[in-house]
Amino acid sequence: GTPCYCGKTIGIYWFGTKTCPSNRGYTGSCGYFLGICCYPVD
């Protein structure tokens, strides 16, 4: 995936969705350009 930042926290950018994939163990997210940024990086 594409790296993105929630403040100073690096995450993975998911285009075209407003929710993080639930099976990857993400603990947080923030809204991002046309999608969502989910962290921590897996």
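Glycine is no exception: its Cβ is also placed from the backbone N, Cα and C atoms.
The record in Swiss-Prot lists a disulphide bond between CYS38 and one of CYS6, CYS20, namely CYS20. The record in Swiss-Prot lists a disulphide bond between CYS6 and one of CYS4, CYS30, namely CYS30.
Counted within 10 Å of its Cβ, the other Cβ atoms near CYS20 (disulfide bond) come to 19, all protein chains included. Secondary structure at CYS30 (disulfide bond), taken from DSSP and collapsed to helix, strand or coil, is strand. Proximity note: of the listed disulfide-bonded residues (CYS20, CYS37, CYS38), CYS37, CYS38 have a CA within 10 Å of the CA of CYS6 (disulfide bond), given in sequence order. Rounded to a whole number, the distance between the Cα atoms of CYS20 (disulfide bond) and CYS4 (disulfide bond) is 13 Å.
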